[in-house]
């Protein structure tokens, strides 16, 4: 009996936190999404309506959701394309004594403030900035800038799990593949990639979800770009229930994404 | 939102922000009409009483202000009209700035602020929602010296009850880079249909109220629409303004609501022309950006601001003392010069560093201000007096603005 009481005391506070603060907040968002506001004072009126969700399905907001998804997908794909060769180099090619150094190089940007990095990109992308003076042109502020910046910001979250997966990959598997006549590309495709997939999926949970919800970088380097996060921000002051409906949309997308990722077995890898 | 930005990040951040505000929203959603009285436009006003006498200062006052209104020396050590007040009154001043009236309304609704400098498009919303209470003007000695033309106006009083103390007024100007925009513009056409070489370098204010700027331009550009008041638009007139703004979007580099971001955009040249406040032009010029701000020939939208007292305030004595200080001749003169607006206090005109300030900013020139259209809240009853049509309200404007931003 004492054993159980101890366990309850140990798990109680974190469970309470999780249920009340975390899930409770989500529940409140969802409930708020069914309310409406007074058109003049913008006060929240607690009358039930589905209007907010109907509004969400108009071309304007489907456009925003689609654009946000596109950014999240592009950032995730770019992170994969950069992270896989880089992690391979770190774990398999570079001499062991440099590994710690390379790992530190990946992690160091995480120590700098998010805002500093976003503003650094703003300075680089502006007319006559570093990119303009080096390449003779700059993409300016907008979708390209946002994808570039977010890829830079979230890259470490993709590199780390992929690096760990490369580290774990037993040398004997590669040797066995070579012994059985597998060429390097075949070995990569049939042996390395399948064992990498869960790690990539795990990394993509970070890159995808962080890109989906980001609104600060978008405000700084997005120009006139409007995404889910900025739309929530804009509506928070004017139409809270609608902002909540928009928030629900991103939660639903994330839940669907996590369910899909779970099928790859990646969540055991986090 | 501004101070919390640093810690909020990604999905979790957005979700948490929504959650916190959702909770805040629940707490403050009082019914709109707790036995109040009706005002023009069908507005219901909650029954609240003004303070009848000052008590002992509570030790602090939380101020919600437009950037540039309450400088405590943290931006520029030479610009400080708070420290002396703190010493003499015993009220520590905590300032939070906001970028749009909508933000001000939302922040005021949290009940954490004692006083707010509200523009005409926020005042009535705050009054109707019971977020601010009437003000006892006899407790503000400097109220006597406020220009009569600013007292008891539709945006700062309801049914003959004063809800605030006038602060000052001015116009939203057209700012441009003198080295890049030639010839110098004198019309809002430069940001609407005659953008020319500045394509992709235009900026606009990121708030539904900016629709009024387009409507104001249409008053002269398309007189056949019959717009008499940029805040009283019927559906056809709103549609014309929305079309103009959608066409403008192709020329926009960024929308702004954070004034420091606008300063930076003009400095680095990613933006070369667009709407601004005088204070932004002053800050940009102070940082050596070659910019100039002008009042275009069509006139402009503008503001007439009011200091209001929060209904839930726990520091009302300090709030009254603070308001009295801020509209006192010397301080009101400093703010007017720093922000670039006409002061509200008559005696401030004798205190300005530039003896011509009041003349330049037309402090006593009612004919001039008849051309400046103060920010106002659009409602379904047309503000220009038309009764044969229904006008579009601010909720409609908000939807239209989102549509423009996403077109």
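Cβ coordinates are placed from backbone N, Cα and C, and glycine is handled just like the others.
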Name the residue range among A:169-195, A:196-222 that TrEMBL annotates as transmembrane segment.
A:196-222
Same-chain Cβ contacts of the transmembrane segment (A:141-166) under 8 Å, 6 or more residues past its ends?
67, 71, 74-76, 78-80, 82-84, 86-88, 90-92, 103, 106-107, 109-110, 114, 117-118, 121-122, 125-126, 195-196, 198-200, 202-204, 206-207, 210-211, 214, 217-218, 221-225, 227, 269-270
Given the transmembrane segment (A:7-35), its same-chain partners at Cβ distance under 8 Å and 6+ residues beyond its ends are 44-50, 52-53, 240-242, 244-245, 247-248, 251
